[in-house]
Structures are given as structure tokens and as C-alpha cells.
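Enquirer: Shown below is the structure under consideration.
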Amino acid sequence: MGAVLAALGLALAGCGGGTTANGSGTGDAVPDGATGDSALNLALPHDLMTAPLVDSTGRTTSLAAFRGKVVVVSDVMTLCQETCPMDTANVVQAAEAVEKAGLGDKVEFLSITIDPARDSVAQLAAYRNLFAPAPADWKTLTGKPSDLAALWKGLGVWSQKVAEEDPPGKNWRTGATLTYDIDHSDDIFVLDGNGREQSLLQGVAGLAPGSHLPKDLDRFLNDDGRRNLAHPGGDAWTPSQVLQKVGSLLHRSIPQ
């Protein structure tokens, strides 16, 4: 399992801090400064492909259920105040472009939580609804903590539970005070129709010109989030990069 991302650096632009991490090949992570774009051709282990996932309607599925389609997997946390709102906005924009190109039946965008304790089916459904009308080819998913931990470890996604900032934020849906945060890497994995990982985008997302966050998520950003939104950096990934990678697997050009 751990060989999936051997020797590749993964970026951490975490929801609780600004450090970075490397995938070690065993899923472990150590601080480093890697960001960027990697080309791969790696088979995902059977146990990762078949691990049960639950979508925002309560339906059980798995990565294997989408075999035959290009699958774009992103790690997400609905209560992230620094990076995930921009990541998700880019994923949704790419999913919308795929649908507009008439390719929605050939691609699935899966935003899978790293915070199953708080990202319930109801929370994920509300998060998806923030982007209404949400594209049909984009799903938000959770699962058993042990299954998700194994999935993210196998893919080399780094996360660490940390103290919540002071003063603490509040859940944008329920108003409940947040009691912890999770630092994590921000990664976009593109799988081909055979379930092989073909490419990886890493780091903070840069919104396309003229794009905006949903109002609830824009208000939810903390100071670090506002800095990331305004100044994502020169290596920030964009929807056009995702579309290029998806299009190359479909042998189609997908306009943004």
C-alpha cells in the first residue's frame, strides 16, 4: 500500500498551520517544502479501491465502483478555514466544465473527508449544497475512520489533529464552537479508468479570475485563509490543470 507514492513530496497547506509534509512511501510524513505537479502511473491496492465510502445521500460506494471512469480524488475538511474552501471551489469548477463538455458520465470528482468525526452525512450534504446547483459528477464522501485513515495513509496524505485557534471558530452550518483543527496536505489525485493513479497536484489552490467562494465559506475563512485566497502563490494549482489531466486521459480538450 505504502508504495503508492514512494519518493514523492506532498504539500501541506494545512487547516491549522502552514508547514509542509512529504509522502515517504509508507504514508508517513515529515516536514518539507514540496508543492507542484507530478506525473505517475501507479496501481492502487485492492483494499484502498474497495474501502467503503458513504456519500452525502447516505449511499455506500467505493473507488472501485467508478472503475471505467476517470476519477479525481481530493482530500477535504468542511470545517477547514485556510485552504479547503478554495480547493473545493476549484474542484467544483472543473466538474462543471466536464459536465458542460458533455463528459459528465465519464468522470467523477470525489471530495473525501479527512475529518470523519465532524463530517457527517448531513454536514457533507450541507457543504455540497453551498455550491448549488452542484454538478452531478461531484460527490462529497465520508466513511469509517479506520477506512479513511488507511486510504489517506496509502495515498500519502498527511494529517495531524491540533488545537483550535483562539478565539475558536464556529461551524458555519450549526454554529457550534470548534474544539480542534486538523493540519493536512492538500492533494488532487487523478485516476484513470483502470484505477491507476496517473497524476497528482499538490498545494494551495488558486481560484480562476472572476471566481468566488460561496458566501458561507468566504465568511468562514480565518486570517490565514484570507491570505491564501488573496495570495495563493505562483505554484498554486488551478481548474485548468485538472481539466488538462482529465482531458489527456479522455483524449479530449476540455475548455474551462
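For all residues, glycine too, the Cβ spot is worked out from N, Cα and C.
Just so you know, TrEMBL annotations are computer predictions that nobody has curated.
Just lifted these from TrEMBL, have a look:
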- C80, C84: Cu cation binding site (BINDING)
- C80-C84: disulfide bond (DISULFID)
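Surface or core, plus neighbours and distances: that's what I need for these features.
Expert: C80 (Cu cation binding site) carries neither a helix nor a strand DSSP state and counts as coil.
Counted within 10 Å of its Cβ, the other Cβ atoms near C80 (Cu cation binding site) come to 30, all protein chains included.
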